[in-house]
Amino acid sequence: MKQKIPVEKNQYYDVVFEDLTHEGAGVAKVDGFPIFVPNALPDESGQIKVTRVKKGFAFGRLVELKEKSGYRTDAPCPIYKQCGGCQLQHIDYEGQLLYKQKQVKDVLERIGKLDLNQMTVHPTLGMKDPWHYRNKAQVPVAEREGGLIAGFYQQRSHEIIDMHKCFIQQTENDRAVQVIKQICNRYRIKAYNEERHKGWLRHIMVRYGAVSGEMMVVFITKTNEFPHKSNIVEEITTAFPNVKSIVQNINPKKTNVIFGDQTNVIWGEEYIYDFIGDVRFAISARSFYQVNPEQTKVLYDKALEYAELTGEETVIDAYCGIGTISLFLAKQAKKVYGVEIVPEAIEDAKRNADLNGIANVEFAVGEAETVIPKWYEQGIRADTLVVDPPRKGCDEALLRTIIEMKPKRVVYVSCNPGTLARDLRVLEDGGYVTREVQPVDMFPHTAHVECVVSLTLKVGGN
Ligand code: SAH
C-alpha cells in the first residue's frame with residue numbers, strides 16, 4: 001500500500017530534532033517521516049520550512065530556533081556556512097566527540113546488527129586543541145577584477161571564493177597561501193579558467209611537516225612553462241626559509257581532477273620529511289599522507305595496542321598506503337607484510353623503510369583481495385592482520401581469506417562506520433568477536449569519524 005507523505009513542499013512545521021545525520025544535519029520527524037535540516041541539533045526545537053520532498057524523506061530549512069541545545073556554540077569561522085569544508089562548527093567540541101561516538105554505536109547496531117553489550121565502544125579520542133591541524137592546503141585559483149584569488153569552491157557550485165584564513169588549516173600553510181597569492185599577483189600570473197579552459201595557474205598546494213617544520217609548495221598549472229620562475233622561487237624561499245621543495249605539476253586536461261601526470265621539481269628537493277612518533281616519512285607532491293599527524297599518532301598507537309605484539313608475530317597490513325602502519329608495527333613484530341594497490345605508494349613505503357633502517361618489512365603492489373590469498377597459498381600465516389580500507393570497506397574475497405587464514409587478532413582501522421559495521425558482521429559470522437571499538441577524531445569540526453577496532457578469534461571458533 002502506498003503510504004501518504006505527511007509533509008508538503010514550502011509548508012511550515014513545528015518540530016523537535018532527535019538526531020544528526022552522518023553529514024551533520026539535524027533529523028526531525030513528522031508522523032514518523034524524517035526531515036533533514038542543516039544547522040539543527042538533537043534536543044532542539046523550532047519551526048522549519050520544507051524545501052524538498054523525496055519518497056522516504058524530506059529536506060528543510062530552519063526558520064526559527066525555539067529551544068537550543070546545550071552543545072550549540074557560535075561557529076568561529078566567518079565563512080563556515082558558505083564553505084562546506086566543516087559541518088560541525090556550530091556544536092561545541094565536547095558535543096562533537098559525543099555525537100561521533102553515538103554515530104558509531106548507532107551504525108554498529110543498525111547496519112552490523114552487533115550486540116553492543118558484548119563489546120566496548122569507547123568515548124571518542126579528541127584533540128586538546130582541535131584547530132589548525134591540517135598539514136595540507138590545496139586551493140583553487142581564479143581571477144577577479146583585483147587580481148588573483150585563491151580559496152574554496154562555494155558549496156554545491158564551482159564558484160571560487162577568496163579565503164584569507166582557514167580555522168582547521170595549519171597557520172603556517174595559511175600564511176604561505178596568502179603570501180604566494182600576493183607574489184603571483186605582483187608578477188601578473190594568469191589564473192586558469194575552468195569554463196574557457198584558458199589561463200595557467202589552476203591550484204596552489206602547500207604541505208607542511210608539523211614536526212620537521214619543512215614545507216613544500218606545489219604549483220598545478222595548465223602548461224609546462226613557468227613565467228618569472230626564478231623571481232617567484234626567490235621570493236618564496238626568502239619569505240619562507242623552511243621551504244625545502246618547490247614543485248610544478250602539469251595538468252593540461254579539461255577536468256576537475258586536480259593533478260596531472262607530469263611533476264617537475266623546480267627548486268630544491270623532491271621530498272619533504274616529517275615524523276609520526278619516531279618514524280620518519282618522505283612525502284612527495286603526490287604521496288598520500290595523513291592530514292592530521294597528531295591524531296594519526298593517536299590512531300596508530302591504538303592499532304599497535306590492539307595488535308598486542310611481543311616481537312614474535314607475523315603481521316599483514318592490508319591497504320598499507322605508504323607503509324605508515326606497517327613501519328609503526330614493524331619495530332615490535334617479527335615480520336610485517338604490507339599490500340597496497342597504488343604502485344607509487346609502495347615505492348614510498350620501501351623508501352620509508354630504508355630511511356628508518358627497518359628491514360623486517362616486505363611490500364607488494366596489488367589488490368589486497370588478490371595478493372593476500374596468494375600469500376596464504378604460499379604458506380604465509382599472519383598472527384595479527386590489520387586492515388585500513390578506503391570508504392567502501394574491505395572486499396568480500398579479503399574477508400573470506402581472513403576467515404580461512406584465522407589470524408588470532410584482526411585490527412580494523414576504518415574511515416567509514418557504515419562499511420565497518422557491514423564487515424564486522426561478516427567477520428563475526430566467520431568466527432571473530434568484536435572486543436573494542438575506539439573512535440578517534442582525525443578531522444575535528446567535520447562529520448568524519450575514524451575508528452580502530454580490535455577483534456579476536458573465538459576460542460574453538462569455526
Ligand atoms: N594505511 C594507510 C593508508 C590507508 S588509505 C595509512 O594509514 O596511511 C587506504 C589505502 O587503500 C589507499 O592507499 C588506497 O590506495 C588503498 N587501496 C584501495 N583499494 C585497495 C585494494 N583493493 N587493495 C589494496 N589497497 C587498496
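Using the three backbone atoms N, Cα and C, a Cβ is placed for every residue, glycine included.
Summarising the annotation, TrEMBL assigns domain 'TRAM' to 6-64. Over the domain 'TRAM' (6-64) the predicted model carries a mean pLDDT of 95.
Residues or ranges marked as S-adenosyl-L-methionine binding site in TrEMBL: GLN290, TYR319, GLU340, ASP388. Under the DSSP three-state reduction, TYR319 (S-adenosyl-L-methionine binding site) is assigned to coil, being neither helix nor strand.
Summarising the annotation, TrEMBL assigns active site to CYS415. Sequence-distant neighbours of CYS415 (active site) (same chain, 6+ apart, CB under 8 A from its CB) are PRO390, ARG391, MET442, HIS448, GLU450.
DSSP gives CYS415 (active site) a coil state; it is part of no helix or strand. Taken from TrEMBL, the feature active site, nucleophile applies to CYS415.
Pairwise Cα distances among GLN290, TYR319, GLU340, ASP388, which the record gives as the binders of S-adenosyl-L-methionine, peak at 16 Å. Same-chain residues that are not part of GLN290, TYR319, GLU340, ASP388 yet have a Cβ within 8 Å of the Cβ center of the S-adenosyl-L-methionine site turn out to be PHE288, ASP317, CYS320, GLY321, THR324, ILE325, PRO389, VAL413.
Ligand 1 lies under 6 Å from the Cβ of the following recorded positions, listed in sequence order from TYR319, GLU340, ASP388, CYS415: TYR319, GLU340, ASP388.
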